[in-house]
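*Asks:* Below is the structure I would like to discuss, written out as structure tokens.
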Amino acid sequence: LAIGSGSDGTEDSDSSAEREQTNSSESEGNMPKRQRLTRASTRLSQSSQGWSAFTRSLCHKPGSHLIFVASDTPDLKRGADHDESPPLTPTGNAPSSESELDISSPNASHDESQAKDQASRDSDKDLSHRPKRRRCHETYNFNMKCPTPGCNSLGHLTGKHERHFAVSGCPLYHNLSADECKVKAVSREKQEEEAKGQEESNSRHATRHQTPTSKQSRYKEQVSEIRKGRNSSLQKEQKEKHMEHRQTHGNTREPLLENITSEYDLELFRKAQARASEDLEKLRIQGQITEGSNMIKTILFGRYELDTWYHSPYPEEYARLGRLYVCEFCLKYMKSQTILRRHMAKCVWKHPPGDEVYRKGAISVFEVDGKKNKIYCQNLCLLAKLFLDHKTLYYDVEPFLFYVMTEADNTGCHLVGYFSKEKNSFLNYNVSCILTMPQYMRQGFGKMLIDFSYLLSKVEEKVGSPERPLSDLGLISYRSYWKEVLLRYMYNFQGKEISIKEISQETAVNPVDIVSTLQSLQMLKYWKGKHLVLKRQDLIDEWKAKEIKRGNSNKTIDPSSLKWTPPKGT
């Protein structure tokens, strides 16, 4: 309710005082000054009593929200003569227009307050035909329901909320009950508190270069034993149970995950689900997304149907559809499969715009200028945001170059992934954003993109590093790449003294990234005032065995296939 004046059929005390003053102006002109002050103080006392009575009566109205508005605003002055406020909704939500109530006239008697209430109801009936104004306050809409069949919207996967309105927070969809979610939430909180205390203890007793403690080493061994001891194949009864669950519920329930992996990994997955659900709930409460109606859940991209991971700021008319149809060549997004089919019949694009700077076999890389191909790059950023959490660049693409990797067949060049970099980076970042499409993940294409970015840095004769913060998957990929580069360098190195600067110049990897990787591999020690690099032969042999097993894979970048010169200014 917006506090104003004159919506309940009563007159404002100040306006009535003005009429009183008009009618008796002559008598008041002759009134002594002390009597006028006494009358003013009496009116002020009555007004304060009215405030108290109003607040007491309002406390008994459920769902009331107070928004204090300055009394000298033009809207309130107009509100004294015109009232446009409908009554409260039955669900307890704020009304869809701004209500203006008289708070200055005192409620001196019960009969007078009843008369005011009746006048307010009559006024509301007379004004029901007037157009509604913008909603000034939003609360939970309890008319919303979870889309999972048979769910009553009670409980939440995180165990911290009483209700949910989307599949991501539905306990029933995840084959759990609301009570089980609460129990798991308490257990997770205890584990997080213990882990936090352990981290604080480790930070207080940290050495110059941290190494895993004996407790951490034992924990790692226990996890390895748990994973090795798991029976990798499902028994006949378990398979029948999984198939029965799938036939009964279809896509309306999450598949049964028990016995598919180890209990440790399943618990990690459940924790990640709960954390993601909590993040989505925070975004929904803040109003950044309206899950279930304004969040794209799937996209049809070429011959793949991809489930999205995060919210992307597509236009609202497209976002509310829940499913988007995207041309895999020009990246134009559409509302239906019929429109996509018609577009594909007319679309002349078979590869990204820009210059093809690399080709080996079926793999090509195109350099796309954000200034010359603005629409394509904006569509690429919107598509990438569906699978990246920390991405903030959507429309300001002109200062960036995009390197798009594709895989060719007889139908065209299909998008594998891309990375972008600033045309003029003050901090020598060679990657601003990097993404491998979900259908090409875990196939070596991520390392190819990273390797290609460092190849460009070598041609530019610069030392590069990715822009922070990195996503979780991006950090894993980069750490794996840096480890592989350093072990390959150690394997080929024949000297006795090694220099971090020389490694950086030869590999184009930033010295900071080299040092952090050496520390994580426990290959950097501080002894007698000097830093020593330990050549761990066990790690080198392990890497070499993987290289031999991998064989002559085509998932590597060949520098001789690059046809590119650094751009000269923008």
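Each Cβ is built from the backbone N, Cα and C atoms, and glycine gets one as well.
From TrEMBL, for reference:
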type     : residues : note
REGION   : 1-52     : region 'Disordered'
COMPBIAS : 38-52    : compositional bias 'Polar residues'
REGION   : 70-134   : region 'Disordered'
COMPBIAS : 74-85    : compositional bias 'Basic and acidic residues'
COMPBIAS : 90-108   : compositional bias 'Polar residues'
COMPBIAS : 109-129  : compositional bias 'Basic and acidic residues'
COMPBIAS : 187-203  : compositional bias 'Basic and acidic residues'
REGION   : 187-253  : region 'Disordered'
COMPBIAS : 218-228  : compositional bias 'Basic and acidic residues'
COMPBIAS : 236-253  : compositional bias 'Basic and acidic residues'
DOMAIN   : 291-566  : domain 'MYST-type HAT'
ACT_SITE : E467     : active site, proton donor/acceptor
*Asks:* With a Cβ cut-off under 8 Å, give me the same-chain residues at least six positions beyond the ends of the compositional bias 'Basic and acidic residues' (236-253) that come close to it.
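*Replies:* Tertiary neighbours of the compositional bias 'Basic and acidic residues' (236-253) are 148-149, 172-173, 175, 259.
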*Asks:* By DSSP, what is the split of the compositional bias 'Basic and acidic residues' (218-228) into helix, strand and coil residues?
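*Replies:* DSSP classes over the compositional bias 'Basic and acidic residues' (218-228) add up to 11 helix, 0 strand, 0 coil.
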*Asks:* Restricting to the same chain and to sequence separations of six or more, state which residues have a Cβ under 8 Å from that of E467 (active site, proton donor/acceptor).
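*Replies:* For E467 (active site, proton donor/acceptor), the qualifying residues are L427, Y429, V431, S432, C433.
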*Asks:* Tell me the residue counts in helix, strand and coil for the compositional bias 'Basic and acidic residues' (236-253), as DSSP assigns them.
*Replies:* 17 helix, 0 strand, 1 coil
